[in-house]
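**Q** Structure provided below as C-alpha cells; questions to follow.
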C-alpha cells in the first residue's frame, strides 16, 4: 500500500473496531483482504489455509468444513477477548477445495508465508501446489510477524493446475469487445499456452462472434465495464448481463460475478450456451489500444505486431491485451508461456452456430455428457492433449481442400496398417499430458513441481518407441506450427551457445555434435536472454566455485551454514539444441538424458518435501527431488551431516552403557527436536550434565550440549538442503524452458498423431470409408449411417442413400410417418459432411462431398421462458438467421418448420421458406426439409430443383411397421394415430381419433399448393452468376377464417347454403318459422 492508502486503511479499522487492540496477524489479514475484496482470501497459517469473517462463513457453508472462532483483538484496559469466525482447509488438500470454490464462481486469493522464524522447526514443511517455488527468507532482528503475500489469484479462466482441470477439455479465458459495428475476440488457455484472436466486422459480426464463443465455451469471459455493454445480435444473454450489471456498484462490476444473479439466468439460455461461463467486467481504461499494444509487444519481445497479423485489427489487439494483463494480474507475475498469438479469420473454418452444435450433439448428448455425442464415438485418443485437439477439430471443421486431403491421407495410413496403429496407440498411453506439463515448466519453478519433471521424463521415455514405429512417415504439420514464437527464437539466437534449444520451424535438423560449454558462458548467455525477454538481469556473473570432488568438511554448524550461503550450482547445464532428430518427431534424447541425470526416480509431489536426512524414520523410504551426483553442493551438505546423524544414532547405546539405564531412549519430534528420555524409576541415575527439556507422567526428557550441537547441524543441513534443492530445481526449469518451443512442438505433434490414430481406430470399428471431397456443391452418400445411433441400436441400422447438388437436386423434401427416421436421416447427412471436413472417415459405403462452408439446423424447439419467447418465436428466429446467413455452399437442415402455429399458417410459412431457398439468387444451397405437410409434395411440379423423398412404412396385421428407408416420392400417410397408440394413449381416445380422421378424410378436400403467378425477374442458377428466367411456384393454400384447420370445418351442405342466403332482417315471424321447418326437414333427410 501507498502511505495514503495505509492511513486510510488504519482509519477504517479504527472506525470499525473502536477501543480494540487488533492482533498483528489480523491487521495483516485485513490489509491483504482490503487489496483483494472481491476474492475469498486463503491465509496460510502453519499447516492450514484459514479464512475469516464473512469468507469463513461462506467457505464453511460451501465446502462443508467446520466453522470455529479465533481471537483477533482485545478490549483496551480489560481482559475481554474478541473473536471472529474462522474456517480452514489443510494445505495438502487445498487444490480440491479451491477447485470447488472456483467452480461455484468465486475468485480465490492465495496468501502464502514469505518469511520463516529461525527457531521454528515447522517452517520446513513443503509448500502448497500454488506456491511450490516461492522461496522463504528468514526473519531477522526482533520481528516476530511472518510476512505474507498474495501469490496467486485463481479464477475460472486462469486455472493452470492439472488436478483442477478436465484433462480432455481446454480451459479458455476469452475477452470480448465491440466498437462501431466491429467485434474483437481473443482467447487463451493458460494451461496449454494456446493464444488466438479474431476480429469480426460487417452486419454478421455479432452472429459470428456468438458462434465462436459457442465453439470455445470459455470458462471465463472478460468484457468492458461500460454502459453500452450490450452487443447487437448477442441477445438475449448479453442483454440480461447488462440488466444484472445495472444492480451493481462500479466496484462490484469489476469482480468476477459469482453465479448468483448472472449465471442462474444465463444458464437457462439454451441457444447461447457460452453464456453460462463466468463473466468478469473490467473497467474500460484497461482496454485502451495503446496500452494493449505495448502489453503485447513486451509479452512477445518484438517491435511490431505486423508479423502476427494484428497490425490492422485494433479490436483484436485490445482483446488480446486484456487477456495478457488479466493473466499477469491473477498469476501475480509474467505469463511466460503466452509467447505467440495466432490470428485467424472467419472464413478459415466451417461455421457452426450454437443451435447446430447443440442439435447435432457434437460434444454433448442430451445427458450433458459425451455419451450420445459425436465425440463420444470418435474419441479413441490415448492422451489428454489428443482428446483436446479432437474437440477443437470437431468444433472447427476445415474448408481447405489441401489440408483436408492431407488429414485423410494420415488417417488412411493408420487404417491400412493395423500393426502400426496398435503399436502407436499402445505407446501413446505412456505419454500422458505432455503439453500441459511443458507449459507448467515453461512458467518456471513457481508453477512447475517435481512431479511435472517426472511426468515429462516418463513421456520422453516413450518417444524412441514412437519414433521407431513411425519411421519415415510425416504427419500433416498444420496443427503444430509454432513459427509465431519469434520472441523465444530471437532470444535463443542471441545466446553465445544454443542454450535454449530452440529449433526454428524451417530449420533442417542436421547432424551436429552435442556442445558442452562452461557454466560461466551459460550464465552469460542466460543473462542476455533474460535481459532481452524481461528487461532485467536475472543472473549474476560471479565466479563458479571450483570445489567439485573436494572431501566432505567436518560436521560443524559453520560448515553447513557456509555451504548454504555461498552455494552456486556446480552442475553443467547442457545444450538442449536438437541433435539430428527425426524431421517428423523429435525424440528429445538429449533432454531425456538431462532429466535422467537431474531428477530422482520417484520425487515428492512438492519442493520441500524431500527427506534427504531422515529417510528411514518410521519406515519412511528415501525421497528426494535432485538425483545424487547431479548437484555436488547438495551431496556435500548431505555428506557433512551424515557424521552428525551417525553420532546421534550411536548415542543411545553409548549412553545406556555409560549410565546403566537400559530403558534410556534417544528420539526426535518436530516440536522438541532430539531428546534423551529416561523413565522416572531411573531419575536418581541421570548424569548431572543432562539438561531437563520436558517432564512427562512417565519420565523426563533431557538434552546435552553435545546433542544440541549435533541437532543444530542436522537441522541447518535440512534447511540448507531445501534451499539448495529449490535453487537447483529453478535452474533445471530454466534450462528446460529454453527448449520450450522444441518440447511444445513435440507435444503437439504427438497430439496430432494421437488424433489420426484415434480417427483410424474409429473408422475401423465403425466400418467407415474415406470420403472424396470436391470444390463444388455435390453431395452424394451411398449407404449412409448415423455414427451415434448405429452404436446404440440393438438391431442392424438401415443405411440410406442421398444425392444432391445445386443444379438438379438442390432441395430434398422428406415426408413420412412419425418415428420413421426422418430426423435421423437429416442429422446423419449433416454429421457425415462435418466428419469429412475434420479429416475423419465417414459411416457410409461411399461419399462424395463438395466442401460445405456452413451447416445450419432448425431441428426441434421449446419455449424460451427466460426471454419470454414462445416455441414458434424461437423457431422463426432460428429460421430467419439461417436464411440471412446461408451461402450457396451451405448445408441447411430443416425439420418441421411451421409446426408451432396454426395448420394453414405453418404450411404457408413452410412453403414460403422452401420457395425462398429455391429461388433466392444468394442462396440456392443444398437443403434437406422434413415435413408433415404432405400438400407440399406438389411443389415438385413447380420447383425444378426440388425432389420428393419419403420414409417408407407398411402395415402388418393392423399395425404400422417403420422400414427406416428413404425412398423417392412423397408419403401419403403420417400414421400419427398408430404412433399415439404406441405411446400408450388410452384406447377410447385412439378409437375416437380414428373415427374423426375417417370423417375428416371423407369430407375435407385435400389442400394443395396452387401455382403462383409467373414471375418475370431473372434469377441465376444456384450458386452461379449466370442469369436465367424461370417460373416459380408460390401456392396459397385455402385458409379457414381463423387460420386453423377445425374438426368441424366440413364441406358445406344444403342447410348451410340456405342459412347463408337468408336475410334475417327481411323475414316476418311467420316466414322465419316456415324457414326453420324447412331447415329441420332437410337436416333429418341428411341434407347437412
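Backbone N, Cα and C define each Cβ position, glycine as well.
So Swiss-Prot says this about it:
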BINDING   816, 817, 818, 819, 820, 821, 822, 823  ATP binding site
COMPBIAS  537-546  compositional bias 'Acidic residues'
REGION    498-579  region 'Disordered'
REGION    1000-1048  region 'Disordered'
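Have a look at these and tell me how they're positioned relative to everything else.
**A** In sequence order, 962, 979, 982 make up the list of same-chain residues 6 or more apart from residue 819 (ATP binding site) whose Cβ falls under 8 Å from its Cβ.
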**Q** If you skip the near sequence neighbours and keep only those at least six away, which residues in the chain come within under 8 angstroms of residue 821 (ATP binding site), Cβ to Cβ?
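**A** Same-chain residues close to residue 821 (ATP binding site) (Cβ under 8 Å, separated by 6 or more) are 798, 951, 962, 964, 966.
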**Q** Run through the Cβ atoms and count how many others sit within 10 Å of the one on residue 816 (ATP binding site).
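**A** Step by step: centre on the Cβ of residue 816 (ATP binding site), count other Cβ atoms within 10 Å, giving 30.
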**Q** Measure from the Cβ of residue 818 (ATP binding site) and count the other Cβ atoms within 10 Å, all protein chains considered.
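**A** Excluding its own Cβ, the number within 10 Å is 19.
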**Q** Enumerate the residues of the same chain, 816, 817, 818, 819, 820, 821, 822, 823 excluded, that satisfy the criterion Cβ within 8 A of the mean position of the Cβ atoms of the recorded ATP site; list them in sequence order.
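**A** These residues sit around the ATP site: 951, 953, 962.
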